[in-house]
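Input: a single structure, listed below in structure tokens.
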Amino acid sequence: MDSGGGSRGQPMLEKRSSHRERHFTAGEVVRDVIMGVSDGLTVPFALAAGLSGASAPSSLVLTAGLAEVAAGAISMGLGGYLAAQSEADHYKREMKREQEEIITVPDTEAAEIGEIMAQYGLEPHEYGPVIDGLRRNPQAWLEFMMRFELGLEKPDPKRALQSACTIALSYVIGGLVPLLPYMFISTAQNAMLTSVGVTLVALLFFGYIKGRFTGNRPFTSAVQTAIIGALASAAAYGMAKAVQAR
């Protein structure tokens, strides 16, 4: 009986041990890519459309577009770096303050652990040993309070530089797409029409991929992204035509 039960239980244990949970953990990188590519596709596209509406030659549109891509990549990358650095500085300040509170008012901090545990439906006799264990380990106590009281995750020290590079590179890749037709077509109006087609396809593709990664409906995300890019370029083109008409 026991041997039969053991033989039946063993495959179950093996099946459980072979289970590997797959969670998407590159959320920050994806966020940076989305930010860089979406702006890269939209802003140079709108600029090129606006200049084409003003009857500028393809060479001028291309030159202005490349300059904008370079400036935009630097600006976006710097913004990403400063944002990530600000998050790291904020974490350090909050950690220092929490560490001081653990030292100066440990009973108050311990009571806050109980309040956090109670939010998950635990009773005092259930979370009491947890509090005692954390009080014996100040570093674990500090990390617990940072995560569950303040909702802060320890930032990667390389995060700021990685964010800057990811956003800048993504912006360059996205920005070159609407400018490619101007490299091969000398007439700005013809280049613009080709650019519209190429960029809309790129926006649809990027929106679909973005939807897959973010958990949204891919086709809805694709259409929304394409509409935003189309509206931005149409607005820039219309403004250029309006100014030219004066």
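Any Cβ shown, glycine's included, is placed from N, Cα and C.
Positions annotated as region 'Disordered' by TrEMBL: 1-21. Per TrEMBL, transmembrane segment is recorded for 60-84, 164-185, 191-209, 221-240.
For the transmembrane segment (191-209), same-chain residues at least 6 beyond its ends with a Cβ under 8 Å from one of its own Cβ atoms are 37-38, 41-42, 45, 48-49, 52-53, 58, 61, 174, 177-182, 184-185, 218-219, 221-226, 228-230, 233. Within the chain carrying the transmembrane segment (60-84), a Cβ under 8 angstroms from the stretch's Cβ atoms is held by residues 32, 35-36, 39-40, 43-44, 47-48, 51-52, 155, 159-161, 163-169, 171-172, 175-176, 178-179, 182-183, 188, 191, all 6 or more beyond its ends.
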